[in-house]
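Have a look at the structure below before the remarks.
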Amino acid sequence: MSSTLLMCKPDYFNVDYVINPWMNGHIHLVDKRLAEEQWQAFYETLRQYATIQLISPKPHLPDLVFTANGGLVYDKLCILAHFRHKQRQGEEVFFKQWFEKHGYTVLQMPKSIYFEGTGDALFQRDGKWVWMGYNIRSELKACEYLETYLSMPVTPLKLINEKFYHLDTCFCPLFDGAVMYYPGAFDADSVQLIEKNIDEDKRLVVSDEDALHFSCNALVIKTDKIPTKKAVIFMTYASDPLQTQLNQLGYEVIIRSVSEFRKAGGANKCLVLEV
């Protein structure tokens, strides 16, 4: 059964405000034609490996294109996002409408709690628990609600580097119990938590270069279309050493540059929500 992904065309995408360090200096400087070309190329390649559904773009919501942040989906349950910044809070009603229309049960945390979907909540690939990034966007208190809603343990990881404001910018669960991550995004206790939960030979630590080029913001899809590989991994950038490591682990690395979206602080994984 193929993955199903939710995406949003970049009709209204731009950098209209600054809510993360990557946006600095890029106000209204997105090359919109290039952004559309990059999004379309990514979309067309993804269609070979997954089913794509679309949520309609909306004026004045430029970051709706980053559907990953709209919620966390488990079976037919959607735990809806509540964004920290008011510039994105207008997206919430449209995500809610889409999920209800498509037959999902939608749960919402109390309005006093910020939670930014799969930007910060990532399932371990074996399905045993959820990794939860907190401190910069989502709140630690959201972990309790996730555990209740999902009946699944949640491992909180504290983010301390504003450049890595969401967990999915610095941490990527892989298959077979492995993870790819950038230790510089986390406090010492969180690095220890990762090391405690993941065996050393399953920890793929990325370099500063790869981290700052959003290599961890990667989309991983299981596939049987490539006989010698267990999965494909879509990345906007990966150094030669990182690509070699991923190839050795059984991944087909597909580079699809989304450089215009990096101006807003997002890459390939940010542009999709697994539904």
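Keep in mind that glycine also has a Cβ here, set from the backbone N, Cα and C atoms.
What TrEMBL records for this protein:
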| type | residues | note |
| --- | --- | --- |
| ACT_SITE | H166 | active site, proton donor |
| ACT_SITE | C270 | active site, nucleophile |
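For the pair formed by the residue listed as 'active site, nucleophile' and H166 (active site, proton donor), distance between Cα atoms is given as 10 Å, rounded to the nearest Å. In sequence order, N69, E116, G119, D120, G133, I136, R137, L159, C270 constitute the residues six or more apart from the residue listed as 'active site, proton donor' in its chain with CB-CB distances below 8 Å. According to DSSP, C270 (active site, nucleophile) is assigned to a helical segment. DSSP gives H166 (active site, proton donor) a coil state; it is part of no helix or strand.
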